[in-house]
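Visitor: So TrEMBL lists these for the protein:
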DOMAIN    B:3-116  domain 'Response regulatory'
MOD_RES   B:52  4-aspartylphosphate
DOMAIN    B:126-225  domain 'OmpR/PhoB-type'
DNA_BIND  B:126-225  DNA-binding region
DNA sequence: CGACGTCGTCAGGATCACGTGAGGGGCGCC
DNA sequence: GGCGCCCCTCACGTGATCCTGACGACGTCG
């Protein structure tokens, strides 16, 4: 099912959008603040984002930038201000479309369809990753080793997800910490080592000599496919 | 140069658009009728199409369909009617965006940029630099020599990065030292020699006779592509 | 021919980063 | 309240990395 993330601080708008979208068969997640939006976006990997610019905690363009840093998901911006400069800023920040309130529901749905149509052409995803005898299903959040399934804690999963979405690339500790623990945790490197160890213990054939979750001293970590 | 096709039957609008777009470095073709538009689109393969719905000979949605039959080029629709049903029809026919007249030139340009950005993303960028049989992927922080990957320490990477980002240019020891080790280390030239040697040993086909990481006595070092 | 400066290489120890173990606090569940 | 799970902090051994100094090779110039 197509996942949509709706971000707006006005509950009645969120409600109206959610009802209309669910009625058309979309799976809808909602967020009322920028922080919540960024978290939901990374956690649930929506296929399109509907974003209100007037959020209480952060400027809308910063939310766009925060998502564009790691994802190409189409973003449709919603705004009360019909100010033209606003549109320019949002679109240049990386948004894909712009609608001003009040908007017609039919028009919004048509624009969403257009975005999904366009975006759907690009991604051809295979959500199954193999690490030796272990297979990871990113979509189903499942890890299987031989016959039995492996249990991962939320933090372990989050870390693994970030690594697996960047196969072969070296990711700095700073980036990993910010991605998994959020901003402000850039110094908790002991933590990162700990969880990397846990993942290796659960996934690697020989945890003492890692083959897939590799460290480059002083640089960061890398998932070697 | 980026090619844009502008389709409108009102000469003054075509003229205004063409002037503004050309001023921003786009290559502009124009068409006043649907027939002309379809012919131009197939002849010149524009990277984005700006299309007015109110054409004399054919309905706008038919033009969209006529283009969509063979091309994924982004289409921005322009219309005098702010009727919502119109937008829905155009977007569902395969348009990617919709702007109503009168429109702000800045907004239109921003939307065009957004569309071009999205379309251009299809091609995956891999900034790969080659040194003989060794290939360096700057983004993934990865060096491959034949089959196996070469491990570089942080300092080695930093130095290599500076060199590779200035292909063919001669870089003084002073500059390299300041760039890699930071200010205050301008006198540690032994260091620079050491790490240059390490890089050559790991990357050059014959480390004793360097072909890519060259020294110019008394001057500095140069990466020879 | 010899002095000099620059460059490349080698080997030492100091320092830093990484992996691992043990233990405490917070939270939900029985 | 007790229990289990998850998260985080701290400490220590080990290995890698970095810097320093010394040495020989080469080319230049007096």
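From the backbone N, Cα and C atoms, a Cβ is placed for every residue, glycine too.
Provide an account of the burial state, proximal residues and distances for the features listed.
Guide: Looking only at the domain 'Response regulatory' (B:3-116), the predicted model's pLDDT averages out at 84.
Secondary structure at residue B:52 (4-aspartylphosphate), taken from DSSP and collapsed to helix, strand or coil, is strand. Contacts of residue B:52 (4-aspartylphosphate) defined by a Cβ separation under 8 A and a same-chain sequence distance of 6+ are given as B:7, B:8, B:9, B:10, B:13, B:60, B:77, B:78, B:79, in order along the sequence.
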